[in-house]
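Contents: one structure, followed by commentary.
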Amino acid sequence: MKEFRVRFAPSPTGPIHIGNMRTALFNYLFSRSEGATFVLRIEDTDLERSSKGFEELIFKELKWLGIEWDEGPDKPGPYGPYRQSERLEIYHRFAQKLIEEKKAYRCYCTPEELEEDRKKAIERGEIPRYSGRCRYLTKEQEETFIREGRKPVIRFMVPDDEVIEFEDMIKGKITIKSDTLGGDMVIIKSDGMPTYNFAVVIDDALMKITHVIRGEDHIYNTPKQILIYKALGFEIPKFAHVPLILGPDRTKLSKRHGHTYIGQYRELGYLPEAMFNFLSLLSWYPEDNVELMSKEEIIRKFNFKRIHKSNPVFDIEKLNWMNQQYIQKSPVERIVDLAIPHLKKAGYIDEIDELRYNWLKDVISLYKDGLSYVAQIVDMAKTFFVEEVDYTGEMIEFLKSPNSIKVLEAFKGYLKDKSEITEDDVREWMKKAQKELGVKGKEFFMPIRIAVTGEEHGPELVKVLALLGKNRVVKRLDRVLNLIE
């Protein structure tokens, strides 16, 4: 049985987009569910925009999500090198082969000439395509152009009136006519760098890739690549073009929809297992329709035949719900460790000793189950880290009521002789005080909560008071009583 091989081939020109990460994930899931080899290839031929920093970021984000590769720049295999910038001689060798077989040629057209041809085609009501003017240059014509200082590109001869068909694993049979492909295509640019469509064919063929799984925005590239496969006598892989992810307004996911890079979600405190789970369900669903699944369960259930043709919508509310489920199941220590950088960035904490860490654990435990992502702790638990809390005009008016003043003064009096606040003690006092003051329920608890936290809602009040400590609670009571006098 033939060994299946798939690849993820990002360009290190920026952070990984959500759509690209979903493509990487589907390649990974296919490889692990089918026992295939997963190759990571870096397409860094855009020398100006590519950087080692972005390459390292690609490695980091993939590893964070839990995607491991079998071969790649850092995991040498039999078909390397795995960076396109290290494979230039290979591309030139195959380009020369095509020239010798009269399937490609050097083109000396200037940008001005090409632009003029494009304008004329539009004026005639035609789709712009390369005219083919350099297809059959004589040796003398080439020498003249060289003397003029023209640097040639190498163009692949696209056959006229050929019908290119392929069976897409998701979309079914796709048919495209060769005369819609824009004419003879550039395969080597004037600076010697290969174009995407040429390099990707050479790499996929030599790396023995059997299944090319990528976004549907590459469908138009596929017939061009099939022509190159055929011209070089390479075996054509199977293609699967996964539907593009849409925003809530059903347009292509972009920055205007919010965060679009995987790293932005990592930095906000989304858990990798939640993101792995969420992304896997964009276009795919298991037979049992279960939504919350571990990585191992997803791999076990994954079947490429269950990928839908329709475009999935990136539903941030669904992601938040799913991440919340994973946060709830996580040990509090894990959430504390993820929260500390956010609290430091907000200026709420500095160095942390064991005592402070344990206090943080207790504070974060109050909010943990309500977090959609870890960075929310900065706003949710703000009252524990600021000296003074703010009050709205409505809050001040509420606190000015006779019952509110009565409750606050009684609470302050109770604290006067206490060295510290304990949950059991304050709970007992509250029971007695409600009877003695004749103020019960919301009328009793709300003044204390607002005065001490600046919030109308929150975790169990006695726990909040105990964690804030007597000194801060008394300071806030004094301040609010001064404000409302």
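Cβ coordinates come from backbone N, Cα and C, glycine included.
Because the structure is a prediction, the values reported are computed rather than measured.
Here the motif ''HIGH' region' (10-20) has Cβ contacts under 8 Å with residues 42-44, 46, 49-55, 57-58, 61-62, 215, 244-245, 253, 260-264, 279, 314 of the same chain, all six or more residues outside its ends. The motif ''HIGH' region' annotation in Swiss-Prot covers 10-20.
Residues in the motif ''KMSKS' region' (252-256) partition by DSSP class (helix H, G, I; strand E, B; coil) as 2 helix, 1 strand, 2 coil. What Swiss-Prot records for 252-256 is motif ''KMSKS' region'.
According to Swiss-Prot, the feature ATP binding site maps to K255, an assignment based on sequence analysis. Listed in sequence order, there are no same-chain residues at least 6 apart in sequence whose CB falls under 8 Å from the CB of K255 (ATP binding site).
Applying DSSP to the motif ''HIGH' region' (10-20) sorts its residues as follows: 3 helix, 1 strand, 7 coil.
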